[in-house]
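In TrEMBL this protein carries:
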| type | residues | note |
| --- | --- | --- |
| BINDING | Arg50 | L-glutamate binding site |
| BINDING | Ala84, Ser85, Trp110, Thr158, Asp180, Gln203, Asn245, Thr246 | pyridoxal 5'-phosphate binding site |
| DOMAIN | 14-354 | domain 'Aminotransferase class V' |
| MOD_RES | Lys204 | N6-(pyridoxal phosphate)lysine |
Amino acid sequence: MNTAEQVQKATKHNFGAGPGILPKEVFEEASQAVLNFNNSGLSILEIGHRTKLFQPVMDEAVALAKELMNLDADHEVLFLQGGASTQFYQVPMNLLDEKAVASFTDTGVWATKAIKEAKLFGGVEVVCSSKESNYTYIPKKFDVNPASVYLHLTSNNTIFGTQWQDFTPFYEKNLPLVADMSSDILSRQMDFNKFDLIYAGAQKNIGAAGVTMVVVNKNILGKVSRKLPTMVDYRNHIENGSMLNTPPVFAVYVCMLTLRWLKSKGGVAAIEKENDRKAQLFYDTLDSFPIFKGTTAKEDRSKMNACFVMEDPALEKEFAAICEQEGMVGVKGHRSVGGFRVSMYNALPYESVVALTDVMRNFAISKG
Ligand SMILES: *Cc1c(COP(=O)(O)O)cnc(C)c1O
């Protein structure tokens with residue numbers, strides 16, 4: 001890279017939905033570890049996973065996750081492969097017998113995929129859905145069959161830009177809770193112990209692609225009657241400390257660095273404040289200029305992924321071109337919503353939101 005390119009790289013603002021932005025410190029440390037890991041004379045990419053070099057990485061990643069989420073002794077932290085999409089079937093295989101029923105909330109594309117996979121293994125009841133409005137809001141009230149073996153939710157809907165703000169409707173049901181938290185894990189305070197199984201592809205908020213964090217209450221395991229393949233049974237992963245086979249060594253390392261960074265920032269409470277500040281600036285700007293139109297119900301707006309369109313769709317191309325020119329990366333909306341999507345994950349600096357909202361303001365005024 002020549003100097004001019006370096007400077008250009010430095011001025012990019014990454015609003016991509018995933019794999020998403022990570023802290024600059026993490027990029028620097030991870031790149032150093034590729035060359036010489038902890039002064040071992042070896043690259044992180046060439047060390048055995050069952051060595052004195054790697055075991056502390058896995059141990060620290062698990063310990064940091066437990067600490068940051070304030071987990072009790074029943075909750076185990078796993079680092080698995082296959083992405084959140086593998087959890088769509090691994091969860092029902094472990095928890096849902098063929099004759100039993102699980103309940104699902106349908107708040108978007110990812111929830112729909114989780115539902116589809118669960119149906120392969122047992123009974124599924126969809127207890128609420130906002131599909132009829134193209135998932136622009138979060139359903140507030142729903143009833144659940146009390147015989148359900150678990151109740152599933154997607155805490156943040158990455159594609160549609162909605163987020164569950166209040167988990168009371170779930171807590172009230174007194175059922176084992178399963179949550180896909182891929183796109184907002186560790187972005188806000190919540191009582192993680194109230195969930196019996198949490199899964200999250202790391203590449204949105206806590207690390208590099210290639211690893212999935214799973215938090216599971218071990219008491220809910222071992223109750224289904226089907227025979228489970230070794231790699232599917234969570235109990236085997238717990239027993240083997242996420243090293244039943246070769247773990248994604250580098251991806252786990254990047255997760256560990258990101259969790260360390262989060263702790264150094266003051267943990268989840270501190271990052272939540274920062275995320276609130278970013279979301280507030282973004283949405284305030286969005287709402288001040290009628291040229292932009294948010295696509296979701298205001299009370300359900302996601303602080304991680306904000307979706308909007310232009311009042312006049314003919315302007316979208318021009319706005320997209322200006323964003324590109326100004327170094328705003330990854331702002332194009334998902335094809336099922338159109339328009340724009342701005343992801344503001346933990347590592348996105350406040351200054352990036354300032355830069356983007358400046359572009360929005362200038363554009364609106366120029367058209368005013
Ligand atoms: C991105 C995403 C997924 C899919 O994750 P993979 O790791 O690519 O399988 C699932 N659920 C949610 C909420 C997501 O944002």
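Quick reminder: no glycine exception, Cβ is built from N, Cα and C everywhere.
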CA pair Arg50 (L-glutamate binding site) / Ala84 (pyridoxal 5'-phosphate binding site), Å rounded to integer, equals 25
Sorting the binding-site residues Asp180, Asn245, Thr246 by sequence and keeping only those with a Cβ under 6 Å from ligand 1 gives Asp180
Ser85 (pyridoxal 5'-phosphate binding site) falls, by three-state DSSP, under helix
Ordered by sequence, the long-range same-chain Cβ contacts of Asp180 (pyridoxal 5'-phosphate binding site) under 8 Å (at least 6 apart) are Ala84, Gln87, Trp110, Ala111, Ala114, His152, Leu153, Thr154, Ser155, Tyr199, Ala200
Should one count Cβ atoms within 10 Å of each candidate's Cβ, the binding-site residues Ser85, Gln203, Thr246 would be headed by Gln203
Cβ contacts within 10 Å for the residue listed as 'L-glutamate binding site', all chains included, total 11
Taking all protein chains shown into account, the Cβ-based neighbour count within 10 Å for Ala84 (pyridoxal 5'-phosphate binding site) is 23
Most Cβ neighbours within 10 Å, among the binding-site residues Thr158, Asn245, goes to Thr158
Candidates Trp110, Lys204 (recorded positions); min other-Cβ count within 10 Å returns Trp110
The largest Cα to Cα distance in Å among the residues Ala84, Ser85, Trp110, Thr158, Asp180, Gln203, Asn245, Thr246, listed in the record as binding pyridoxal 5'-phosphate, is 30
Argmin Cα dist to Lys204 (N6-(pyridoxal phosphate)lysine) over the binding-site residues Ser85, Thr158, Asn245, Thr246 returns Thr158
